[in-house]
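Undergrad: Have a look at this one.
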Amino acid sequence: MAKLGVNIDHVATIRQARGGVEPDPVAAAAIAELAGADGITIHLREDRRHIQDRDLKLLRQTVKTRLNLEMAATDEMVNIAISVKPDMCTLVPEKRQELTTEGGLDVRLNLESIKEAVQRLQDGGLIVSLFIDPDPDQIKAADKTGADYIEIHTGAFAEARDWKSEQAELAKIENAIKLAGKLGMGINAGHGLNYANIRKVAALGGIEEYNIGHSIISKAVLVGLDRAVRDMVDLVKYA
């Protein structure tokens, strides 16, 4: 049965919009866990635009399920991860001007630097995942780094505007699942997944955990976080 990791970055985004102390992502994480989330995901960006160092440290102390830290493959972030010790580190690309992560890591182009970051994190006792597009060359490169997991970037599927394009993207995801499985890598997925499209990806099988944030927080504004998480748990686990 697949798991749901709830990304709470946008709780911090709302807090930072006013520079205050609420809503607190630490409290949101507790509610998400009580509602059935299997894990909590956060992205500590280099520019600290939403999640802050304080949040990471408190979440490490309070999260009862699993804490997944999305991070750039920089010396600063690697050192922070080794110090705080989340349950998983997911290496993601990062651009200061982007509103959200726009694509997967180019592991082929940056193989040596990513491999070094993976090794340092693993030497620190951490499980490492790479956020990549469902591209066979990127998956093979990810395997060469020694990473434990890949997280399939589902953004292109989520943004498909017609049935033909959607089916083509689903086929890429399905092939990525098969290839990563053959290579012995764990498989997660995320980006752009919502209440309307998650069943289509979940029906493929083979994915261990879905990391979903924006759609859950958007629904939470209307119906509350507990209800929003419970509804997504039902879709992920019983697709």
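Heads up, the Cβ atoms here are built off N, Cα and C, so glycines get one too.
So Swiss-Prot has the following annotated:
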ACT_SITE  His43  active site, proton acceptor
ACT_SITE  Glu70  active site, proton acceptor
ACT_SITE  His191  active site, proton donor
BINDING   Asn7, Arg18, Gly192, Gly213, His214  3-amino-2-oxopropyl phosphate binding site
BINDING   Asp9, His10, Arg45, His50, Thr100  1-deoxy-D-xylulose 5-phosphate binding site
SITE      Glu151  site 'Transition state stabilizer'
Undergrad: Kindly assign Gly213 (3-amino-2-oxopropyl phosphate binding site) to one of the three DSSP-derived states: helix, strand or coil.
TA: coil
Undergrad: In Å, rounded, how far does the Cα of Gly213 (3-amino-2-oxopropyl phosphate binding site) sit from the Cα of His50 (1-deoxy-D-xylulose 5-phosphate binding site)?
TA: 13
Undergrad: Reduce the DSSP letter at Glu70 (active site, proton acceptor) to three states and note it down.
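TA: The three-state answer is strand.
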Undergrad: Ranking the binding-site residues His10, Arg18 by other Cβ atoms within 10 Å, which is at the bottom?
TA: Arg18
Undergrad: What's the longest C-alpha separation between any two of Asn7, Arg18, Gly192, Gly213, His214, the listed 3-amino-2-oxopropyl phosphate-binding residues, in angstrom?
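TA: So the binding residues stretch over 26 Å, Cα to Cα.
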Undergrad: With His50 (1-deoxy-D-xylulose 5-phosphate binding site) as the reference Cα, tell me which of the recorded positions Arg18, His43, His191, Gly192 is the closest one.
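TA: Ranked by Cα distance from His50 (1-deoxy-D-xylulose 5-phosphate binding site), first place goes to His43.
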Undergrad: So for Asp9 (1-deoxy-D-xylulose 5-phosphate binding site), how many other CB atoms are inside 10 Å of its CB?
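TA: There are 21 of them.
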Undergrad: Using DSSP reduced to three states, classify Arg18 (3-amino-2-oxopropyl phosphate binding site) as helix, strand or coil.
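TA: Reduced to three states, the DSSP call for Arg18 (3-amino-2-oxopropyl phosphate binding site) is helix.
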Undergrad: Recorded positions Arg18, Glu70, His191, Gly192, His214: which have a Cα within 10 Å of His10 (1-deoxy-D-xylulose 5-phosphate binding site)?
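TA: Hits: His214.
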